[in-house]
Amino acid sequence: MTKYIFVTGGVVSSLGKGIAAASIAAILESRGLKVTMLKLDPYINVDPGTMSPFQHGEVFVTEDGAETDLDLGHYERFIHAKMKKSNNFTTGQVYESVITKERRGDYLGGTVQVIPHITDEIKLKMGEGAADADVAIVEIGGTVGDIESLPFLEAIRQMRSNHGRKNTLYVHLSYVPYIATAGEIKTKPTQHSVKELREIGIQPDILLCRMDRELPEDEKRKIALFCNVEENAVIGCYDSDSIYKVPGMLHAQGIDDIIAEQLQLDLPQADLSAWDRIIDAIEKPDHAIKIAMVGKYVDLTESYKSLTEALKHAGIHTRTKVDIIYVDSEEIERDGAESLRDMDAILVPGGFGKRGVEGKIKAVKFARENDIPYLGICLGMQIALIEYARDVAGMAGANSTEFDLDTNFPVVALIDEWVNHDGKIEKRDENSNMGGTMRLGGQQCDLVPGSLAARVYGSTEITERHRHRYEVNNYYIQRLEQAGLTISGRSAGHEKLVETIELTGHRWFFACQFHPEFTSTPRDGHPLFIAYVKAALAHQADKQAS
């Protein structure tokens, strides 16, 4: 039987429940358990796919094409399990499923209510997501006390009755503030947060105290007494300069031994040596580079979470401190791209909408003309192709139909047919719904032998994850290739969509339609980002030598 660990958060949001949950998972995995993770989101949206990055942050795409919470990215980076659609569900999905069953007559004329029907559906979906794992760690989104979270909290309360104490464990992450003017740590917010949980019927087994300083023993005893938790189960979760230090931090305080004892697990000792090597590379870099990330969501860097982590992973594997300089593309649109001259490399990430596009085009042109390593991802590839069409291939005014429906050269256009992750043909047009209608998930790509892409990946067949609605217009490919653009990768399906482009006369110029950042991990990195960081290092060395 799968054992469940439920992680809740209290006092304030954005405490790092996802990191804490993923760190616990990493420790348990290192002790030989098969671990999976679930995120339960209390918002009514079916998924975050149509939500603004400024509200929700990054949308993480799974291999099977689910648009999910960014915490699933943390899960994949901390443990070896690959997330699926069943690892993330929302209030919207739960209600949609229950209403569908009611319309179908599944409830035999009964009155459909939050309890038991909604809570039963939540438990059913948790069971599906947990599958055949030894342990499933379930993170409940939101903050204890929010009305939206109540059905989820009731469902996890019932799980102890359904599965027993030896198969369920509750972890509560709470904020313990330090009041500088008083010079005191305040435990009252945590006491009240636990009181809220206990009123619902949940008694935390472990308390994680989110703090900016170490938790004194007397305060630990106080929290244990008033929250009815064993003193050794009151664990500090402190600010850290790297999220990859958290597994070691929690393990040092014995969290995995507490879990093993309550869940009656006989486990080998934890082996966190891989995490020790990661931390060593982070703390002792041999090099340092500056990469300009030119985007439109730079005021909320969570929008590019997987991408920034992928660059850090590449830094780990090249022992390089990667300093990411976030550049607002609207500033470049207004002031020009000269500010990018001192950068060791330039990157244009994915995005949607017209705002800031011309600034990104200027950034690509600057990288191309000044032989600065360039990496374009998703929209960043489309932007590179538009710039090349305009400034090299002689297609004045070339654009994407996303930004200009009346352009004379629609070199990027709405994709209307493709083969999805399951091998089925998908069709879309301008009248299709916005939600869940993009080209999503892992897709096979064939690379040209001898190309930069093939050399980087060490293969001519790869699979990468996608999330886009627009594609390179194949009608203009021949003209672009005649002007010197290299199409080095295409989709494996009959539609042969453009997946990667290169400039062979450039130091290092590569752009891809897919999102390689979604499969990068601190343990293994990703070959594309590692190659990109190496190119930036080479460019830096040449600048210093000249």
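Backbone N, Cα and C atoms are what each Cβ position is placed from, and that goes for glycine too.
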Listed co-binder of UTP (same site as SER13, LYS186, THR187, LYS188, PRO189, THR190, GLN191, source Swiss-Prot) among LYS125, LYS222, LYS245:
LYS222
Based on Swiss-Prot, name the residue from ASP47, ASP64, ASP69, ASP71 that is recorded for the same ATP site as SER14, LEU15, GLY16, LYS17, GLY18, ILE19.
ASP71
Record says GLY351, LEU379, GLY380, MET381, GLN382, ARG469 bind L-glutamine. Source is Swiss-Prot. Which of GLU331, GLU333, GLU402 does it list for that same site?
GLU402
In whole Å, how far is GLU517 (active site) from THR187 (UTP binding site) when you measure between their Cα atoms?
39
Which ones are near GLU139 (Mg(2+) binding site): of the recorded positions SER13, CYS378, MET381, HIS515, which have a Cα within 10 Å?
none
Near-site residues: ATP, ref SER14, LEU15, GLY16, LYS17, GLY18, ILE19, ASP71, CB cutoff 8 A to centroid
GLY9, ALA20, ALA21, HIS74, GLU139, LEU173
How long is the line from the C-alpha of ILE19 (ATP binding site) to the C-alpha of SER13 (UTP binding site), rounded to the nearest angstrom?
13
Residue from LEU379, MET381, GLN382, HIS515 whose C-alpha is spatially nearest that of LEU15 (ATP binding site), among the recorded positions
HIS515
Non-site residues, in chain order, whose CB comes within 8 A of the mean position of the CB atoms of GLY351, LEU379, GLY380, MET381, GLN382, GLU402, ARG469 at L-glutamine:
GLY350, PHE352, CYS378, ILE383, SER400, VAL412, HIS468, TYR470
